[in-house]
């Protein structure tokens, strides 16, 4: 056996604070899935979504941890640092969502028909999932851009906000698909076009950055990102005005929630979710624009 074989393993991937955060992610993620599979259970669309979040994040985290320990990430044709921080940000958002959705739909103060033991397991699932949010948030905090350090774009505030913007857009799409009646008016259809366009460009920006190919483009990528962010602010500003008017004004929609609207299948609820998260994304894009003036884009090759 080669006595130098140990050099192929990265001890820092285990002994560093980042390594500790990832091991906690794996431990809590595995525990959460085991509790759900053993007795807590899940059902319907919301339960399937939560289980997907836990399984997806665990699988990718295990892959990241393994590649980091074995140093095999150097063989990946991507910008590793940009990929890991972008995934950590996405996983944080997904875990936060699952940690809210699961107890809302599966946890009650009274014991279910299956017995109080099932309720206790569901409480444990909620606790583990909630704590895991902080484990992923810790990775984002550790790997974020710091003054005086050269890092990839995704580690900057602007890069992290891109992930949040795309995630919020997914929430908007989910509400739109849930009987939002957006096709009743041309202006609300315009809003859907804006949501789709901004989401698509944001995903492309993240994908190009993670691929480490920004330097191969024939145009200044940093300038493109700033100009696009400025246009996105203007577009979202228009939707922040148009969507509420054509959804809640008495001339086009319903100002108040109808009394006979069932929970989970009420168009008014979906319209409200879209309106709220439209304003959330407007604030995110504006914040992104402000921060993009304070950073210098660093093109990072796959390494």
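Glycine residues also receive a Cβ, built from the backbone N, Cα and C atoms like all the rest.
Annotations in TrEMBL come from automatic prediction, not curation.
When TrEMBL is compared with the stretches 103-120, 121-138, the one noted as transmembrane segment is 121-138. Note on the domain 'MARVEL' (153-297): mean pLDDT across this stretch is 84.
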